[in-house]
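**Q** Residues or ranges marked as region 'Disordered' in TrEMBL: 1-27. As annotated by TrEMBL, compositional bias 'Basic and acidic residues' applies to 1-10. Annotated transmembrane segment per TrEMBL: 35-55, 67-89, 168-185, 200-220, 232-252, 264-287, 299-316, 322-340, in sequence order.
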Amino acid sequence: MVRWEERRGAADGSDPALSAPSAGTMSPPKENVSLLFKLYCLTVMTLVAATYTVALRYTRTVDTELYFSTTAVCITEVIKLFLSVGILAKETGSLTRLITSLKENVFGSPTELLKLSVPSLVYALQNNMAFVALSNLDAAVYQVTYQLKIPCTALCTVLMLNRTLSKLQWFSVFMLCGGVTLVQWKPAQATKVQVEQNPWLGFGAIAVAVLCSGFAGVYFEKVVKSSDTSLWVRNIQLYLSGIVVTLFGVYMSDGAQVHEKGFFYGYTYYVWFVIFLASVGGLYTSVVVKYTDNIMKGFSAAAAIVLSTVASYILFGLQITLTFSVGAFLVCISIYLYGLPRQDTTKIQPSETKSSKERLATV
């Protein structure tokens with residue numbers, strides 16, 4: 001595994017190994033990151049995704065006072081901000097350099113903060129939709145259906161990052177969509193969950209989250225890989241905007257109840273565990289985006305389906321149907337097909353003679 005010190009850059013992002021090409025410049029040397037480190041990041045992402053989904057589902061279905069999901073999303077952004085500041089402090093090496101970096105790149109760059117407010121808003125909506133979905137759908141059903149973010153991400157990748165996907169990649173994407181369709185044909189039911197649920201509301205929430213995930217993930221990847229700014233400075237910009245957006249969401253959605261019952265009403269150790277997983281997952285997402293790409297990240301998360309299904313069977317009494325099994329199997333096969341040798345998509349390719357629409361038409 002590569003140490004943080006081996007991958008870190010200066011506070012101003014001057015390390016070319018961490019910098020993506022700016023518009024009109026030549027691509028810098030590829031990051032010296034081993035395949036083992038990439039596999040480590042993706043493995044951790046898979047475990048965190050599965051555990052987070054099951055734990056969040058548990059906190060929304062237990063017979064206790066239900067907490068406000070909007071406050072949980074806000075607290076997650078605050079924790080990720082502090083963790084990012086801590087990592088940036090380690091990169092800069094001194095308190096003086098840290099303060100200088102924050103002044104120059106964060107507080108002295110309102111334009112950059114405004115630029116990152118776009119994915120912050122979309123991510124906030126996505127995270128809140130996850131709570132709505134898992135309040136109404138089983139964790140395994142959610143995990144499979146949520147993989148529809150991959151086709152959305154693939155489309156955004158082609159249109160926004162000037163990349164092309166092979167026919168095999170597109171085939172695997174459509175196979176995944178077919179697998180998800182089978183899962184939703186006759187959704188598996190959990191016999192141990194007694195709370196009232198609305199599956200259609202859950203599916204609608206997933207649809208919104210899928211669209212948000214595809215756009216925001218590719219947008220943030222483009223911002224990270226198209227400038228010399230440190231990854232952790234970008235994270236700080238993202239989370240600062242995210243805190244403002246999520247606080248506004250708390251006020252608009254649950255303002256009166258939060259004022260009456262308190263910001264941390266209904267919080268238990270399990271809720272804090274979910275928040276911790278969301279915070280860690282957010283930081284690992286940043287690393288994965290920097291050294292792989294969003295589609296690869298999405299397919300690694302699909303592997304969490306198996307873990308979520310086993311956990312749902314044990315904890316929630318999930319009744320695994322034939323259509324669910326076949327659909328989940330197709331999703332796993334699509335992961336294998338996508339992993340076959342293909343072109344490197346970890347870099348933003350320069351604009352070519354063909355437009356995005358022409359590339360889509362030739363696939």
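Numbering starts at 1 and runs along the chain as displayed.
Heads up, the Cβ atoms here are built off N, Cα and C, so glycines get one too.
So that I understand the layout, could you describe where these features sit and how close they are to other parts?
**A** Residues of the same chain lying 6 or more positions beyond the ends of the transmembrane segment (67-89) and with a Cβ under 8 Å from any Cβ of it are 4, 11, 59-60, 95, 98, 101-102, 124, 127-128, 131-132, 135, 230, 232-233, 235-236, 239-240, 242-243, 246-247, 249-250, 253-254, 257-258, 263-268, 271, 274-276, 278-279, 282-283.
With a threshold of 8 Å between CB atoms, the same-chain residues lying at least 6 positions outside the transmembrane segment (264-287) that come near it are 41, 44-45, 48-49, 51-52, 55-56, 58-59, 62, 64-68, 71-72, 75-76, 79-80, 83-84, 87, 127, 224, 231-232, 234-235, 257-258, 297.
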